[in-house]
Structures are given as structure tokens and as C-alpha cells.
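Colleague: Below you'll find the structure I mean.
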């Protein structure tokens, strides 16, 4: 009896186990991708790409392809994440958090590892497999978005929703989204849905870091929707994406100007007459799609000031009327009228009237569309082109050609004209005898053979004047062409046409700059702050460094001003009385390391170490003195250079003029502006006084800078004044001085040496180069 009772229960349990075992492989990501548990990330990625290409719903029409593709995507999502993969290997579940402790999981894992419960049993809408079927046809993938959606956004705007699984807010906006998507799609707006769980790369590319998100795409530019998700806000958002100058409001005052612009713009002009005060969104979307071919205007027939316009074209004010005007503005070239203007009706109407009756070839794209390359015999199209000029001289020929084009409209014929002076290469290639057609118009019948520019053509033998005879000749050739395509016997290759209507470089640059500024402004206030943080960090860092430098410099200058009196007290009284400006320079120099100046004599013993083999970047400042002036000049020299002793690259020495006069005069020969050096026949040879000269010697680069004592009148002509002084820097009045040593104290010979040292450190002194250092005997 007990066995009988246990029999059905056992069979049910066995059946459940079999079903679970059968479903287990479908839930195992390794089996779904066909890889082993020890496979590397490269192998997993390779397997995913292969299976994704095989089971992609766009390529595989199998009814179960979408479910299989979702399983593949889920499996790759688990195995591509090391943490989820480790959880699955350990617990059979890819979740990041477990409901029980690891001990409990180990205890019960063996029991439940074969059981899988599908949440669809409870009809929860969170599983991607159970998402609304209305979204499935709008699903976007990264390659599809880049290759198709972005280029198509230059023809129509796109409204894109980013969603994910387990998103309660996504469920909340779903009814509104479905209604608006259906409504806007009928008007010509592109609709897209991105599942952030399976298209993480695309979601990141779009800048969507949370779900749900709604964004607009137009001209390749992304704009996020930030208002409440209601029908009116979404419609207004799409309308705001469109440029504001697509449709011009037309009244009795401006309709003639608007329609007459066909010649300047080289486009037909479209007018919509309606009793709605606001331009319909459908009309704006149509204007955006056809903006390269047509110009659009809107007439609100209920507005005062449109009576003349409505009366002239016999408009029914109760029915929307669409009119298209070409070369003649007194009457429309075509009319469409319907109580309910549908997108398909408008598209069919405009696609048949995209070009003027005899459009001017202003760029290569227009030429290729007017005269397409034949793909089959039935699609053969011949272009009749008038090569003419500008001005009243050619007006009659053009009007006659236009009349002929209007009277002979056929699907296989396209009429166009071109200005010879604006497209000289085109005209020269078709008119072999330029002298024959100089100052006249010519007609050419041509057929494009390939996209490389090869054409077959025939030029009318006589110039086009628009006479009846010319019309008969052209009409006869066109009739022959229908039966004998070989009539176009000449062939040539045409270069691409110049773009006559392209804006100037400055205008393009201005608009590009304006768009960039507007994008930055929009990004600053509406973009995700996570993306803006690097830019903001860089900006604030630059501002901090800039203002920090200014503040530190300001405090440094103020502290130097306060400290300068204390520095002056430490120096000698004689220095303070002589030159206050010199002290200001010294206070800003490097702080001396010692309380004295170490000055060594330059002799033949230390000559190599102190000059010839001096380290790169080091200089030896040498004072020239004699035995009689040694004490006074050394004291003054030490006082002048004291503030520069803190520099480790400067060395200080003195040279005895009595011992090494020839060495000094050899160096002075290389000083271009130095005083003439006497020779041995000069009676004043031994009377030249070089005491007080200072030479800054760079032993490594073999050059020196020269300081000469400040001289006055007589001797100044012989020895030369020190050109290294900048009189604009020192405006302190000086008394007249004699060049004779007896008339002026020796200590004044080194006057302003400190300023010369400043310029030496700045590198602004003149340099005198020598081939090699002479020996110091």
C-alpha cells in the first residue's frame, strides 16, 4: 500500500529530475559556447564571436535564433567576467552574492544543482526573453548603430531608449514609450532600443550609465532627454532636435522673394497651406530629410496677411495643400491636396519633384543624381546639357532651352545647364572647337558610363540660339537616340565639378566653432558628470596652479620689500651711500654661503684647473690688477661680487698685469669692440692701463665676456666706454670724472660691476670666442 502511494510521487520526482537534467546543458555557459572549463578568455571570446555571427537574428531566420542568441550572450556575459565565472564554477550560480553562507551552499548544492526554475512561470517581465515584442524590432547592435543608424541620422532624427533587465523604471515608462514610438515612427522619426545588459559597448559609447535613458540622435550628435517621460515632452524633444531654419513662414509680403530664390539656391521651393498656426512636425521632418534638394515654406491661411497669396493660387483653406514651384513662380509645377497628409503621400510627391526642370550643375553630387550611371538597358538615362554663360546676353538661349525641357519631359531624359566660366574643365572636355562656340551657347547630349567619369556624348554641330530650327534638330536627335544608342559616338573622361555653392572657409570655420561651443555648453550642463570629471579636474587644476603662482609671487614680492632694509644694514656704509639700486639687485640674488669672497690668483700652476679644464657650465671671473692697485681693487671687487658667491658655478680670481700683460692683450684682440691693442713700436706700449678690467672666462666653450672700467672724455676715446651698461636702467646722475687714475679713486673703477654680473648670469652679455686658450707664461 505504501509502495503504491510512493509510486506516483517517485515517478513525478524522476520526471522532474529528467527535465532538469535535460535543461541543465542549456543553462551551462560552457556548453552553450562549446568551450571547456579551462578555456582562456581568448578562446571564450573567439567562440562567442563565431556563435553570435551564426545565430544573430538579423542573419539567421530560424524561429529559435533569437532565443539562442540571447543564451549565447548570457553565457558570454558570465564567462567574460572572472568573478561571475568563479562563482559559477564554485556554486553553479553566477550571482555576486549568495543567499547562504559557503558552508550551507556546499551542504545543499548537491541537492539543488540539477533544478532550474524559470521566472517566466510567474510571468515576471524582468527577463529579457520576456520583454515586450514591440521593442524587439527596434533593438540596436554596435555595428548596426555605427554603420547604418549614424549615417541615417543625417536624413532623420532618432529617438533611442536604453533599457535593461530588472529595471522597474523601464517598466513604468513602457506604456508612454510604446505610444510615442508608434506615433513618431509614422511621422518619419527613427526609433531604437539598446539593451544595456547585452550591448554594454554601445551603451557606453552613447554615454548612458543608467537605465532607463532616452536620447536623441541627429546629424551624428547625441542629445539626452532630461524631462518627465510624457507624450508632449517627447514630441517637443524631437522637435527641438531639428534645426530652427528648416521652414520659413510665408505671407503676402515675402512670398515673391521666397519663390524667386530658386535661381540663387538652384532648388525647387515647396509651400504648404494649412489652417494650423504651428508648423506640423511631419512637415518639419520632411523638410529636414529633403533640405539638400528643396526649400520649404509654410503658409498659415488663417493669418491676416495671406489673403492675396491664397487667392492667387486658389487655395482651399479647409484642406491642406502642398505646392511645388520650379523655374516659374506664377504657377506651381505640381500640387498635392489631402485632408490627412500622410508621410508616404508627401514622400512620393517630393521625390518626383526634387530637381528643377533644367537645373544648373553646381557640384558633382547633383550631376551624379541627375545623370546616374546606367545599371541596365531599362534604367538608361540621357542628359541634355546646355553649356552657356551668365548675363542678359545668354538669357534668350536659356529661356528657349527651358521651354524645350518643359515640353519634352520624359523619364529617360534629364535637362540641365552649366556656366562655362564656373566649370571650365567640364566645358573644355565637351567642346573640342572652342573658337566656334566662344561667346555662344552649346547643347550636349551625354550618358555616364561609369563612376570614374567616363561618358559618351554628342555635341550639336551648331551653336544653340533657341530658334525653331535648333528645336527641330535637337528633337530629331533625341528621337534617333531612342532607337540607336550608338549615336553618342564620342567618349571622354570628365573631372569632378567644382562645388559652386560651398560656403567660404571663414564661414565654415565660424559655424564649426559655434557648433563646438554649443556642444561644450550642452555637455557642461546636461552630460553625465562621470564623463565630465576628467575635464573638470584638468580645468580646476590649471586654475589652481595659475592663481597659486600669482598669490605666491605676490607674497614673495611683498616679503622682499619688507626685508630689503635689513639687508642694507648688513652691508657696508660706503656701498649704501653710493648705489641704492645696486642693493636692490643684490637683495634678489642668490644668498651667499660664506661671509667672505674667496679670490685666488690665476698663475701658470693653477691655470689648467681654474680655466682650461673648467667643468661645463662653470665660469671664472678674473680681475686684472697691478701690484700698486692690488689692495684697493680686491676690496672693491669683493664688495661688488659678494652677493654672487652663492652660485657654485662661479669662481673668482685675479691676474697680475705686471706678469701676464701679453696674455691679456692676446685675448683682447678677439674683442671686436675693444680698444686697439698697441704693438711694440708704440711709445705708449707699456703705459696702457688695464687695471680694473674684468673677464668672465668660460673654459669649456672657449669664450669670454669683458667688463671695462667706466672712463671719461680723453681716455674714453682710446680705451672705449663700457658698452655693457644700459643707461635706461640707471638714471642716477653722475658727476664728470677724469680718465686718469690720479683724478679718481681706484674704488670707482669697478663701479657698476654688480650690474654687469647680473647680465652675465642672465646670458645677455656679448661673447668673444677664441680658437684656444693661450699659455700663461
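Just so you know, glycine gets a Cβ as well, placed from its N, Cα and C.
Take a look at what Swiss-Prot says about it:
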type: SIGNAL; residues: 1-23; note: signal peptide
type: TOPO_DOM; residues: 24-531; note: topological domain 'Cytoplasmic'
type: DOMAIN; residues: 28-92; note: domain 'J'
type: DOMAIN; residues: 117-243; note: domain 'Thioredoxin'
type: TOPO_DOM; residues: 553-777; note: topological domain 'Extracellular'
type: REGION; residues: 558-589; note: region 'Disordered'
type: COMPBIAS; residues: 559-580; note: compositional bias 'Basic and acidic residues'
type: CARBOHYD; residues: 627; note: N-linked glycosylation site
Colleague: Determine the mean pLDDT over the domain 'J' (28-92), rounding to the nearest whole number.
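Modeller: Across the residues of the domain 'J' (28-92) the model's pLDDT averages 83 on the 0 to 100 scale.
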Colleague: Sort the residues of the domain 'J' (28-92) into helix, strand and coil with DSSP and give the three counts.
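Modeller: The composition, in the requested order, is 45 helix, 0 strand, 20 coil.
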Colleague: Treating G and I as helix alongside H, and B as strand alongside E, what does DSSP give for the domain 'Thioredoxin' (117-243) in helix, strand and coil?
Modeller: 60 helix, 23 strand, 44 coil
Colleague: Are there residues of the same chain, six or more positions away from the residue listed as 'N-linked glycosylation site', whose CB falls under 8 angstroms from its CB, and which are they?
Modeller: 656, 658
